[in-house]
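The feature active site, proton acceptor is assigned by Swiss-Prot to His177, with sequence analysis given as support. Per Swiss-Prot, the feature NAD(+) binding site maps to Gly7, Ala8, Ala9, Gly10, Gly11, Ile12, Gly13, Asp34, Asn94, Ile117, Thr118, Asn119, Met227. The substrate binding site feature in Swiss-Prot is assigned to Arg81, Arg87, Asn119, Arg153.
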Amino acid sequence: MKVAVLGAAGGIGQALSLLLKTQLPAGTELALYDVAPVVPGVAVDLSHIPTDVKVEGFGKDDLAKALTGSDIVLIPAGVPRKPGMDRSDLFNINAGIVRNLVDSVADNCPEACLCIITNPVNTTVAIAAEALKAKGVYNKNKLFGVTTLDVIRAETFVGNLRDLNPANVHVPVIGGHSGTTILPLLSQVEGVEFTDEEVASLTTRIQNAGTEVVEAKAGGGSATLSMGQAAARFCLSLVSAMRGENVVEYTYVETNSDDAQFFSHPVRLGKNGVEEILPYGELSDFEQKAKESMLEGLRGDIKLGVEFVNN
């Protein structure tokens, strides 16, 4: 199996690559690509870690080589958020980066599972879909927006609030991957009851957790380490599923639902990517209202991505 990370020299890319080097199954190839000249050094650095995962670095002229034969491609490339910016401010820069990388994926490994990490995910996944359609290789079962960070944050915050081990807490998070489009289903957390005030404050904190990190880093970056962990978790789940294990993860995929063209759902993963999009269950009144009020914004984010490629 071969996994490629595009944008491997950045904050998320390096954290993600480290976790994959230490956790991918023995015999996996890990291809690290970046336009930054440091990327061969990142690969050499990681190659000194004693695991049976072969790491190779590829510079800006070697994208095709990095992608050829890849089974999974992860894209964290792009510029990070700075204080005062929201994820939509990133669109102007990151949209073009994602478009170019996805075009190369279409040309060199069209069968690969493609995992989009670059923000704004609500929009960049739509860009990826349209770019793949334009090349005639779109398979909706193989395109994922990585929203796992919202899930691990929700599990951490609930665990901390109730003094539980977050590793044993399961919080469904549906919708999109920015602001109010992030919808944690706290009514479905097993064995834990919340007051209305707790639901409101937890929901707001989960939705604004990215900003919490950006502000805490005081201009020094965004959520790179936790995002690296979230992306690694999703990638490793996908690897396990491709090897025949039964795995469910929440991820932003194309759906046939009335909610939006793309929506984060619980998804059963398998050898060919999406095996089955599972229902997200019954919503509380609070969650139903929150969902209804954010759908227009989410649909607008998606439309922006579709129009970016087609206009």
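Every residue gets a Cβ built from N, Cα and C, even glycine.
Of all the recorded positions listed here (Arg81, Arg153, His177), the one with the fewest other CB atoms within 10 A of its own CB is Arg81.
DSSP classifies Met227 (NAD(+) binding site) as helix under the three-state reduction. Largest Cα-to-Cα span within the NAD(+)-binding set Gly7, Ala8, Ala9, Gly10, Gly11, Ile12, Gly13, Asp34, Asn94, Ile117, Thr118, Asn119, Met227: 18 Å. Met227 (NAD(+) binding site) has its Cα within 10 Å of the Cα of none of the recorded positions Arg81, Asn119, His177. Taking the Cβ of Asn94 (NAD(+) binding site) as reference, residues of its chain lying under 8 Å away and at least six apart in sequence are, in sequence order, Gly78, Val79, Thr118, Asn119, Pro120, Thr124. The 10 Å shell around the Cβ of Gly13 (NAD(+) binding site) contains 28 further Cβ atoms across the protein chains shown.
Nearest Cα neighbour of Arg81 (substrate binding site) among the listed recorded positions (Gly7, Gly11, His177): Gly11.
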